[in-house]
Amino acid sequence: MAPEENAGTELLLQSFERRFLAARTLRSFPWQSLEAKLRDSSDSELLRDILHKTVKHPVCVKHPPSVKYARCFLSELIKKHEAVHTEPLDELYEALAETLMAKESTQGHRSYLLPSGGSVTLSESTAIISYGTTGLVTWDAALYLAEWAIENPAVFTNRTVLELGSGAGLTGLAICKMCRPRAYIFSDCHSRVLEQLRGNVLLNGLSLEADITAKLDSPRVTVAQLDWDVATVHQLSAFQPDVVIAADVLYCPEAIMSLVGVLRRLAACREHQRAPEVYVAFTVRNPETCQLFTTELGRAGIRWEVEPRHEQKLFPYEEHLEMAMLNLTL
């Protein structure tokens with residue numbers, strides 16, 4: 001195989017691996033590129049490689065996605081195979097048979113590979129809105145913020161980090177594993193989200209602060225219930241964060257007003273000390289929503305500037321979406 005062709009195959013395998021482990025929508029997979037490569041090849045080796053990068057990947061075997069997702073993926077893979085090859089590939093059909101016999105679940109795993117060779121795995125609800133909240137799934141701005149953090153570890157190293165609206169926990173877990181913070185506080189207001197957060201912290205080998213068996217070189221990790229509308233300056237002062245982050249929390253005007261309110265109270269906590277650095281990442285879905293956020297920041301006396309886009313693309317998220325991150329000065 002020519003070097004260029006080999007590199008193309010490796011990129012294709014990596015794309016399938018990252019998307020499958022993260023349980024991304026099937027339409028986001030590079031199916032056309034796969035079909036083209038299958039037509040150029042007389043054997044099924046590429047499909048075997050894809051199978052071992054996805055369904056049979058060690059991370060997937062330990063923490064599989066939902067049964068329905070794996071079944072749909074394998075069905076699509078078989079379609080592509082049958083379109084260009086007459087000889088069946090037994091491994092594909094055996095893997096599909098396993099999913100047909102497996103029991104369905106409302107939870108599934110999503111895994112994200114880290115540059116260190118490790119990974120972050122999340123147990124998530126298979127429904128976008130579940131238990132009356134959107135916090136049980138990972139949104140794309142959380143992946144964007146995690147990438148930025150991995151590229152800028154000095155912002156977090158040996159510092160106390162407070163995350164507002166942690167959701168499933170992807171950003172914080174990536175920071176804890178890659179950026180060596182002194183302490184990390186995950187926070188959310190919904191009880192079901194907090195329960196899932198605690199589970200995901202433990203799933204990734206981290207210990208919650210009260211655990212006396214916690215590793216000495218690990219950050220102190222806390223999962224806190226925090227309702228932005230009722231949190232007082234006194235309650236917020238207990239966190240003493242050096243850095244505050246949030247991702248995909250600008251989904252409606254009410255949330256924006258609540259976020260700006262809690263940021264004002266965080267600023268008041270440290271009147272005799274340096275205010276925390278604040279980074280807010282979001283997907284630009286509605287320009288009016290973004291405009292409202294910056295307007296309310298101005299009214300609150302909070303300065304902001306757009307953080308330059310980072311270079312690394314580590315995680316699979318929708319490339320057509322516009323992402324942005326603001327650096328706020330309280």
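Just so it is clear, glycine is given a Cβ too, placed from its N, Cα and C backbone atoms.
Database features, via Swiss-Prot:
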type    : residues                                       : note
MOD_RES : Met1                                           : N-acetylmethionine
BINDING : Trp139, Gly165, Ser166, Gly167, Trp228, Ala247 : S-adenosyl-L-methionine binding site
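Around the Cβ of Gly165 (S-adenosyl-L-methionine binding site), the number of neighbouring Cβ atoms within 10 Å comes to 26. Cβ-based neighbour count (10 Å, all protein chains) for Trp228 (S-adenosyl-L-methionine binding site) stands at 20. In this entry, Trp139, Gly165, Ser166, Gly167, Trp228, Ala247 make up the residues listed for S-adenosyl-L-methionine, with the farthest two CA atoms of the set 20 Å from each other. Under DSSP, Ser166 (S-adenosyl-L-methionine binding site) is assigned to coil, being neither helix nor strand in the three-state scheme.
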